[in-house]
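K.L.:
There's a structure below that I have some questions on.
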Amino acid sequence: MRINRVKLNFILILLPPLLACLIALTPTFRYTVPLTWDIYYHIHNATLYMGRGIVFWDPITSAPHGRPIYYPPLFHIMLLFLSKITGLGFFTVSRFMQPVFAFFIVLSFSYVSGKLYGPLAGFLTGMFLFSSLFFMRMMFPIPESLAMISIPLFVYGYYRSMEGCSRLYPVLTGFLLGLMLMTHIFSASIILAVVTLSTIVLYIGKYDIRPWNLLIILGSGLLLASVWYAPLIVKYGFVFRSPATTSLPLEGYITHLGVLLTILSLAGLIHAAGRREKKDVIMAVWTVFVLSLTAAYLLGLKVLSDRILYFALFPMATLSADLFNSIRINNGKWSFYAIILLISLYCIYDGYSLASSIKLE
């Protein structure tokens, strides 16, 4: 009986990423080029590394002077490595990254949600992703997608680091932070702010945590990332260019997240606020912080609200999914299963419709 339960839990977690991969094949085979124009810049950097090795200076762009390469290198190195071992061109490799990224992002979301709230929540978290406009972005072969795979795993490692005295979780979590810093610094910065704020809130709330483990995470992450950033900063300094502001009206939040996820996540946030376990606090802080950050343009800050909102997707989907752990239907087991099935079919239809309607940027 236990073996069957383990198999069922495994299937529940694995089914959403498999569906994501299959759905992502639709635009991948429809178009002969990657789905985003951003890939041209990343292929340019990978081409530089292929011809010159790992360098910090790009002599081609901003001609005739050239400019430092401030973009972290890990995605470009991976692109180069995959091209070398497969013998395929950068564009072909980038295209076939699309279903792979969709698979691993959804798997990461489902797996971590399942570890925190159980296999049903893990399954539904993955399903809810299909009903969001951000599911399309999960297919993009860009550094952000690679970083997005690591974000739920990083937060789970942080959660375990706050729970116990072991130094293993903080060091491994710091290693993930270092990889994210060398992949997509914006993603790493947001999630680092999330765990820092969560630590402060948990400490003020007198939860039993190990706040010093956050310093181990930060220290080991920065140590790993310094392999790239230290020589870059010593040679050229570091320049951050503020993006143009892109605001979102209220209906824009619903459009990007989806009606179902928007409604359920608000209910899930209230439910988590009432229960107030450590994991609930982290999910709530994460959601509120990112949503607040999307509105920072009201204070005069330059933010890309739609891009930032993407980082609220995991906690909002997870809190939405956890609601179903609390549903009890008297003598209605099959009614509950029917609800789960209908939600799943609705989300799959949404995801397929979105993938089928993708137009090249």
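Just so it is clear, glycine is given a Cβ too, placed from its N, Cα and C backbone atoms.
Note that the structure is a prediction, hence the values are computed from the model and not measured.
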K.L.:
With TrEMBL as the source, identify the stretch among 11-32, 253-274 annotated transmembrane segment.
P.N.:
253-274
K.L.:
Where among 69-91, 142-159, 179-205 do we find the most Cβ pairs under 8 Å to the transmembrane segment (212-233)?
P.N.:
179-205
K.L.:
Count the Cβ pairs between the transmembrane segment (96-112) and the transmembrane segment (307-324) that lie under 8 angstroms and are 6 or more residues apart in sequence, then report whether there are at least 3.
P.N.:
yes
K.L.:
Quickly jot the same-chain residues contacting the transmembrane segment (281-301) by Cβ under 8 Å, restricted to those at least six beyond its ends, or write none.
P.N.:
155, 158-159, 190, 193-195, 197-198, 201-202, 205, 207, 245, 247-248, 253, 265, 269, 272-273, 308-309, 311-312, 314-316, 318-319
K.L.:
Restricting to the same chain and to residues at least six past its boundaries, which positions have a Cβ under 8 Å from a Cβ of the transmembrane segment (307-324)?
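P.N.:
For the transmembrane segment (307-324), the far contacts come to 109, 112-113, 116-117, 120-125, 128-129, 132, 134, 137, 144, 148, 151-152, 155, 186-187, 190-191, 246, 248, 253, 256-257, 261, 264-265, 267-269, 271-272, 282-284, 286-287, 290-291, 293-294, 340.
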K.L.:
Hey, would you say the transmembrane segment (69-91) packs against the transmembrane segment (179-205), going by three or more CB pairs under 8 A that are 6+ residues apart?
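P.N.:
Result for the transmembrane segment (69-91) with the transmembrane segment (179-205) is yes.
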